[in-house]
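TrEMBL annotations:
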- 317-333: compositional bias 'Polar residues' (COMPBIAS)
- 27-301: domain 'Sugar phosphate transporter' (DOMAIN)
- 307-340: region 'Disordered' (REGION)
- 20-39: transmembrane segment (TRANSMEM)
- 45-70: transmembrane segment (TRANSMEM)
- 82-100: transmembrane segment (TRANSMEM)
- 137-154: transmembrane segment (TRANSMEM)
- 160-178: transmembrane segment (TRANSMEM)
- 190-211: transmembrane segment (TRANSMEM)
- 223-245: transmembrane segment (TRANSMEM)
- 257-279: transmembrane segment (TRANSMEM)
- 285-304: transmembrane segment (TRANSMEM)
Amino acid sequence: MEKKITSAKLSDRKGALDLASWMFNVVTSVGIILVNKALMAKYGFSFATTLTGLHFATTTLLTVILRRLGYIQASHLPISDLLKFVLFANFSIVGMNVSLMWNSVGFYQIAKLSMIPVSCFLEVVLDKVRYSRDTKLSIILVLLGVAVCTVTDVSVNTKGFIAALVAVWSTALQQYYVHYLQRNYSLGSFNLLGHTAPAQAVSLLLVGPFLDSWLTGKRVYAYDYTLTSVSFIILSCTIAVGTNLSQFICIGRFTAVSFQVLGHMKTILVLILGFIFFGKEGLNSQVILGMLIAVAGMMWYGNASAKPGGKERRSHSTPSNKSQRHVGSTESTELLDEKV
């Protein structure tokens, strides 16, 4: 009886922490989308890659302070694994930016939706995960609902298709690889950020101005910085720290696929907040139907994947040092959403 009570308490505690982690991610993700929307649309700071570099620079500063204060312990991550992660992460950011530039909004949204089946494929092939029929159907229902909400005109060209292909696979690999790193090297969320954020900050701040100049025809150094726009940049960077951390925490507590499925709840929430704050011109029966389908699919997924056999590994043998689960996702998607 005592064991049952202890197990129930642990289950309740895990549920509460899962909910808190997810709410932290939702609040910071939606917040950064709204701030970036104002920064880029209203104040003309359209340098998305450079802004992402500033986000990671701010995150690096925080990890340095926390390490000095003793909140982050020393940990090891081989340079080869770090470089692989940075490669996947930066290709994800650049790929998303280029995909949005070269593709229609409709095809861009379809490409984003395809990250779920790609993440499923990686889990099945690399982690030997098996999904139940209900779990598979619930994922399809989520994809259908979000597609009905967001996909409008769809046109594609060769270079746009290649950009989308690079963006989707690099994002899925980055999210999977964060899981891999946390699990294999027993890295906590802050520890992993402490390793990856500096490398991403340096690489993106070096490449970002040139890439942004190519994408927008404008130079970040020639931008007319005002007190208001700088304040929004600082606010964006501050929120980004929470976004980066919460993504690492969430994928550590869930999986890359679950993070993607639940992530579409943010899409629905952003649509709703957009209607509330920016007018209801885009609100129609098609969007409402899509929202209802997507929410139903997410509820079904949560129930189906939690059941025995809903989502499980075929082989449970892991090395002793693989004590932690994983994390990840690029914050580039959050940067790009406000452009759509």
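Note: Cβ is positioned from N, Cα and C throughout, glycine not excepted.
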Stretch with greatest number of CB pairs under 8 Å, the transmembrane segment (160-178) reference, 45-70, 82-100, 190-211, 223-245, 285-304 candidates: 82-100
Confidence summary (mean pLDDT) of the domain 'Sugar phosphate transporter' (27-301): 85
Per Cβ pairs under 8 Å, the stretch of 190-211, 223-245, 285-304 packing most closely against the transmembrane segment (20-39): 223-245
Long-range Cβ neighbours of the transmembrane segment (45-70) (under 8 Å; 6 or more residues past either end): 36, 39, 93-94, 97, 190, 193-194, 197-198, 200-201, 203-205, 207-209, 211-212, 215-216, 218, 220, 223, 229, 232-233, 236-238, 240-241, 243-245, 331-332, 335-336, 339
Distant-in-sequence neighbours of the transmembrane segment (223-245), which means Cβ under 8 A and at least six residues beyond its ends: 24-25, 27-29, 31-32, 35-36, 38-39, 43-45, 47, 51, 54-59, 62, 189-190, 193, 197, 331, 334
Tertiary contacts of the transmembrane segment (190-211) (same chain, 6+ residues out, Cβ under 8 Å): 47, 49-54, 56-57, 59-60, 63-64, 66-67, 71-73, 75, 77, 82-83, 85-86, 89-90, 93-94, 97, 178, 181-182, 219-221, 244-245, 248, 327
Same-chain residues near the transmembrane segment (285-304), Cβ under 8 Å, at least 6 residues beyond its ends: 132, 134-135, 137-150, 258, 261-262, 264-265, 267-268, 271-272, 310
